[in-house]
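J.: The ATP binding site feature in TrEMBL is assigned to GLY385, PHE386, PRO387, GLY388, SER389, GLY390, LYS391, SER392. Residues annotated as domain 'FtsK' in TrEMBL: 369-564. Look at TrEMBL and you will find 1-23 tagged as region 'Disordered'. According to TrEMBL, the transmembrane segment annotation covers 185-204.
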Amino acid sequence: MSTHTPSPVAEELAPEPVPDDVVNPGAAQIVNLGQRRADRVAAEQGLVVVGDDDGESVEAGTVLVGTVVDPPDPPGDALAFLDVRRTPVFPVWLSDSQTRRDAMRRAVAAVGYHAGVHAVRIPVYAALVAWYAPQGAARLTGRVLGWTSAEVGNWGLRQDAATRNDAKTWLELDRHRQRQASWRWWVTGAGVLAAVAAVLVVLSGVTPGWARWLLAAVGLVALARYGRPVDKPILARTVVRAKYRKLTAELTRKGIMATGLVKKPEDIVFPAGLGEIRREGPGYLAVADLPDGVIAVDVVDKREQLAGGLRLPLDQVWPETMPREHPGRLALWVADKPVSAMRQPAWPHLSGGATDYFKEFVYGFDPRMRKVMYRMDERNSLFAGFPGSGKSLSGRVVCAAMSLDPIVQFAIFDLAGRGDYDMFEPLCAPGLFGSGADEDTKRAAYRMLLWLVKQCDERGPIIKGWAQQGLNTENKLNRAIAMRDPRVRPIAALIDEIQELINDPELGKAASAAATSVIKRGRALGIHLILETQRIDKESLPKGVTSNIALRTCLAVPSHVEVDLALGTGAFRQGARPNQFEIGVDAGWGVRVGMGPMTTVRAAYLDRRTVEKICAKALALRGGTREQVDLPPARDILADLAVIWVPGERGQHWKTLAPRLAEKFPDAYAALTAEALSALVRALEIESRNVKAKGVTQRGIYHAQIIDALAARDRSDSDDDAEQVEEDR
Ligand SMILES: Nc1ncnc2c1ncn2[C@@H]1O[C@H](COP(=O)(O)OP(=O)(O)OP(=O)(O)O)[C@@H](O)[C@H]1O
């Protein structure tokens, strides 16, 4: 122990004395190397290693932050499986008369076809039988002799023994052959005798003539069959079995993997209860859950790669999203043959029976050949698609169905003038049918829209009156009211190539405003407007018109832009792919929204003659007469402006003039907007000007402009009259 007294500074710097009883400097320390290493690593990571003696540290227990994420499963309904009904009690062909009739028709057609094919070829068959039957007889004789003499097989072995100079074996084999042949000759002899006896019986008078011919024919055919080469059948092949790929889990995974969206095949799961791959219509259906991050729309988008992976034509592969299921669930339907080559079932309404404006009817069939329904009440329709995509024929199916409800009135304008709707003319009141690409037809179509606006005005109070009398619980047209009151019969109004009217410089704006008004107000009043267009852009399909149409069908279009314009923004994202339809091949195919889930559907194919027959029947249902309607008179906008002009006003805004016109002439101008009025006047080559009225400057017209234009028109009319008089002289 040291004895010197330390200086105060040295005392401060000196390490604190360690009590002897804590550390024994002489004792060797045992170092836990593993602990040291762990401490060093922890120190490098900035962690503090605490010893057992650190009073500040506490042991980390289970820390719960927030609520429990996975709550315990709710008790499941153990008996839920009792409510699942997948297979109908009776097969569909037994319970559904339409399917039964269809199956019968197909069976009769098939029998007729095969019988016809073979009947025509009977001379060829006879020649082939005559050629092969002797060969068959020679072959049969050779075989019987070969067996009887026991040479078959034995001869080859004997030859072998002879080649080897093995006389003993040769003799042994020959003895064996003789032993076999000795009893076989008896069998063959007996057989020949029996055959000769049979032939004598057949040739004798005991056997009727027809049986003789039949047995001779059967015998010859049997010999010919025996004598023909294996690869040369006598009967023509009439059944070529459809080649289809049976969809299996492995194949489904292979197809989906080909899209490049999924990394591991085992990530594609077939959900229990839904996932068994099964027959569905003329094809197979697989329902698969895609891995996290992949949704069914992604697969729909990669339909081509999917079809490539399945080694099938595109037309046979129909991936779909599943409405009301999670977005990662894919329904993959694979047809037995390309859908464009499949025959649609017959349109059920052809086989008689009336339709009902207020109920569903069959519009067409989906790729799985299931019926797709359509409904008119409280809706309007839009058919958009490129030329040749099948719009007119699709709209025609709707009109044909409605013609079978005798209380439905028609108003039809075909602005292409191709005559697709000519057969409906007798069902339309005078003035409510037009077909042509000329100005007069457009004017008549516009007038029809004005008539519909007027109908909207008049029908509201009538329907309300009937509803108050207990014919409906709401102020909407129903069948009871329509049957009771002829003034409110349902109207199916159609304009084909509506873009011709909407883009018209004179009538466009006014027609668009009138159509919007009818679409918005007419639904509940029994007015269903069907618009068809081949130009799909913002100008031809103004938002006011389309956004209020519930039932929209988009047929073949070039890109997703048209899909969203026709079906509504977001339709493409949700899996609508009418841009994949090929014009011509896929004519009539479309994607429909607005009634149940989004559906891919092809309208029933009704050719011109069929529709003509339906229309003839429809006219008979309506008593063979055309109704008369009270159309609004054709108006002269300049004269009408002069009538409503307030004396003393130098000029006036369009905004003020439009409601004045609507008030004075509601039949013609009820739906007129300031913009539409301006367009109507400008189309007469009269300028729209800045007009100051009541201290505000806005676009409008001066009174002097109207007076001048009327005077100029009068002058030109009188000049025309003078010229006419001159010509007549
Ligand atoms: N549902 C259908 N099933 C089978 N073929 C159809 C169907 N719809 C249309 N087609 C075929 O497509 C052709 C064109 O149809 P449609 O005249 O209706 O087309 P569109 O789109 O109206 O053409 P455009 O704009 O030129 O008038 C028809 O002549 C017909 O051969």
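Note: Cβ is positioned from N, Cα and C throughout, glycine not excepted.
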J.: In the same chain, which residue numbers or ranges, 6 or more beyond the ends of the transmembrane segment (185-204), come under 8 angstroms Cβ to Cβ?
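T.: The answer is 144, 147-148, 211-212, 215-216.
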J.: CB neighbours of GLY390 (ATP binding site) within 10 A?
T.: 26
J.: Within the same chain, and leaving aside GLY385, PHE386, PRO387, GLY388, SER389, GLY390, LYS391, SER392, name every residue whose CB is within 8 angstroms of the centroid of the CB atoms belonging to the recorded ATP site, in sequence order.
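T.: These residues sit around the ATP site: GLN534, LEU555, ALA556, ILE583, ALA587.
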J.: Check the binding-site residues PHE386, PRO387, GLY388 for any whose Cβ is under 6 angstroms from an atom of ligand 1, and report them in sequence order.
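T.: So the answer is PRO387, GLY388.
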J.: Write out the long-range same-chain contacts of GLY388 (ATP binding site), meaning residues 6 or more apart in sequence whose Cβ is under 8 Å from its Cβ.
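T.: For GLY388 (ATP binding site), the qualifying residues are ALA556, ILE583, GLY584, ALA587.
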J.: Could you check the binding-site residues GLY385, PRO387 and say which one's CB has the fewest neighbouring CB atoms inside 10 Å?
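T.: Across GLY385, PRO387, these binding-site residues, the one with fewest Cβ atoms within 10 Å is PRO387.
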J.: If you skip the near sequence neighbours and keep only those at least six away, which residues in the chain come within under 8 angstroms of PHE386 (ATP binding site), Cβ to Cβ?
T.: GLN534, LEU555, ALA556, VAL557, PRO558, ILE583
J.: Of all the binding-site residues given, SER389, LYS391, SER392, which has the fewest Cβ neighbours within 10 Å once its own Cβ is left out?
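T.: Across SER389, LYS391, SER392, these binding-site residues, the one with fewest Cβ atoms within 10 Å is SER392.
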J.: Which whole-number mean pLDDT does the model give the domain 'FtsK' (369-564)?
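T.: Across the residues of the domain 'FtsK' (369-564) the model's pLDDT averages 91 on the 0 to 100 scale.
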